[in-house]
Amino acid sequence: MDNTGYCGESFNSLQSGTSDEDMVEIAGATLDISSTDDVPPLDRDYGSGGSYGVGDVPNGVPKLMDLLDEPVPGVGTYEDFNTIDWVREKSKDRDRHREIATKSKESTLALMKSISDAFSGWLLMLLVGLMAGALAGGIDISAHWMTDLKEGVCLNGFWFNHEHCCWNSNETTFQERDKCPNWKSWAELIVGTNDGPFAYIMNYLMYVCWALLFSFLAVSLVRAFAPYACGSGIPEIKTILSGFIIRGYLGKWTLMIKTITLVLAVSSGLSLGKEGPLVHVACCCGNILCHLFTKYRRNEAKRREVLSAAAAVGVSVAFGAPIGGVLFSLEEVSYYFPLKTLWRSFFAALVAAFTLRSINPFGNSRLVLFYVEFHSPWHLLELIPFVLLGIFGGIWGAFFIRANIAWCRRRKTTRLGMIRNLVFTLAIFCTVVSCGFLQVPSGLFIPSMAVGAIAGRLLGVGMEQLAYYHHDWVIFRGWCSPGADCITPGLYAMVGATACLGGVTRMTVSLVVIMFELTGGLEYIVPLMAATMTSKWVADALGREGIYEAHIRLNGYPFLESKEEFSHKTLAMDVMRPRRSDPPLSVITQDGMSVEEVESLIAETSYSGFPVVVSPESQRLVGFVQRRDLVISIENARQRQEGVVSASRIFFTEYTPPQPPNSPPPLKLRGIMDLSPFTVTDHTAMDIVVDIFRKLGLRQCLVTHNGRLLGIITKKDILKHMAQMANRDPDSILFN
């Protein structure tokens, strides 16, 4: 519940137009509550906002105004690096849906609005698929052009890559289809010839210079304009989908810089892939397009349904695997994935794949560049080398994760600045440095698959030679005739690639589907499944975390992993705050505090919410109020209700008790209070509490004993407790 730095800006800044490009969530400004003047400032305009007068009643008590009758800008939103309240967001959406359904029976116009609201989700999925598919096609085309630019340029038009430049040449033969008069190498342009050692050196130097320029530009743009554009973005997307807020991570500026620098990084020749970053790009598209639709713009839970579908779109355009993309979102990144999201994810992935196919960036009438066709059958005994590849993939995956995390931890402690980035742009030869140290968009799908494919190919060639020269051995007899191609090394390469990628990411079902969609090897599902499961078992034996979970823990995000079991026999009283040596829990009474007392409580604490009790003596729980909603409501009351001063009383009750004569008008803030906060008793087992947090997406839970408030448990408290039980540093959980 810790949330420092809440008192900063004025309420007016919250009402001003905020740009979507700087935030992943509905942004709100912090508030200045330092003013304790009994008299409101003279420059406040009460007339323009519909001022509230103080009416007289028979007993002389001022009339109580409920300021929550009208929506207050900012109420119900969240601060940066905080977790959303899933239960509240789902309740808001249910209330909105019921209101629309009720009004739809009143008029034809209301019925049309109801139909439009129901159709808006599918329209949004259509737009996400079109936008992500178009961007992916543009990235592929641009990367091919810039990759060929390191070798030469087309005289017919510098925007043509090598292949497109030679397509219409009449002087090109099939044997030398990569040579045409229209394409000139840099040596031909500079020294006039492409033969000899000097021309070779010139071409090599130009290649290196272009590569260094691309990588340096990528690093510089990311550091200067969008630090969130580095890496694959999948760990942060998993955290965002769990309900965490990282403002700006999925904004317009991040999308633009990531798209540009992804092309530069891939074109430079760095050992990284574009597939992971394409998931981030697609989620940026989904977040930006959400702002076109009110029900997604104003509801964080609904927006995360769109982001889950967008993650599926990213994999669809990265591998040309729409079904695998949906399964990837379901298995690997999504925290909440209802059946409706499954349908819409499939539709969005289909639209994205169709869009990419229409653009045809690879020029081969297929969605992917690595499409292969194997038709040779595999034998049952080949499962042994396939399992061996799975063991290798698991060991390599565990090693890669540890090495990559070590590099990233070192990067967090070093202060070399631009010198560091310039030096490590030279590290083109290393899947560990490029994907962990360089601040550029980078993925690990293709590098991991490349390592596994090399190992698998080596093993496949060895098996092929054994079968060729020793076809009379018992293991080959009966199914490998002399001179026959009974072993397919390419199949071993495909299985090895799957094993290594599975060892790094710990994906299973989605990985197998992605691989057979990527390669067209539908008949090789069993070898892929055997290698994938073996890889996961071996990697889990060496370390339970995949690469994404390891980066989440490294960054200190409050992510409650659903795959991790809580096996410790502790109780809620062992985790709740306050502890025995801590000061009493900060609470708000339902009818006994003034505006000044509440503002002092807010200023002196950093909690993001406060329990509401009947009185300090009874500590009987009434509800829970968010700090942000409380601050915004008080400031709104000062601006809109005449006579509200520091001595005004704040009530969270349904009925207002009698007030002394001539007292300032009170504030009724019952509308911002959660009347049914989740509670557990002090003797509730922590494994049950953890399951409640996971399945309901809670941000906090109150602890009671016989109805009396004892303490509070937040997601951060649970994560700290789990880290302490695992002999890790509990202070590594940084946010929330």
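Residue positions begin at 1 at the first shown residue.
Heads up, the Cβ atoms here are built off N, Cα and C, so glycines get one too.
Among the features that TrEMBL reports, domain 'CBS' is placed at 576-642 (among others).
When averaged over the domain 'CBS' (673-730), pLDDT in the model lands at 91. What TrEMBL lists as domain 'CBS' is 673-730 (among others).
Taken from TrEMBL, the feature transmembrane segment covers 119-139 (among others).
Residues or ranges marked as transmembrane segment by TrEMBL: 204-229 (among others).
Annotation source TrEMBL lists transmembrane segment at 250-272 (among others).
The transmembrane segment feature in TrEMBL is assigned to 278-294 (among others). Below 8 angstroms of C-beta separation, residues 20, 24, 120, 123-124, 127-128, 131-132, 135-136, 139, 232-234, 237, 240, 250-252, 254-255, 258-259, 262, 303, 306-307, 309-311, 313-315, 317-318, 333, 352, 441, 443 of the same chain, each at least six residues beyond the ends of the transmembrane segment (278-294), sit close to that stretch.
The transmembrane segment feature in TrEMBL is assigned to 306-330 (among others). Packing against the transmembrane segment (306-330) from elsewhere in the chain are residues 121, 124-125, 128-129, 132-133, 136-137, 237, 240-241, 250, 274-276, 278-283, 285-287, 289-290, 296, 336-337, 341-342, 344-346, 348-350, 352-353, 355-356, 366-368, 445, 507, 509-511, 513-515, 517-518: each is 6 or more residues past its ends and has a CB under 8 Å from a CB in it.
TrEMBL lists 383-401 (among others) with the feature transmembrane segment.
Summarising the annotation, TrEMBL assigns transmembrane segment to 422-440 (among others).
A Cβ distance under 8 Å defines the sequence-distant neighbours of the transmembrane segment (119-139), meaning residues of its chain 6+ beyond its ends; these are 259, 262-263, 266, 274, 278, 281-282, 285-286, 289-290, 292-293, 295-296, 306, 309-310, 313-314, 317-318, 340, 344-345, 347-356, 359-361.
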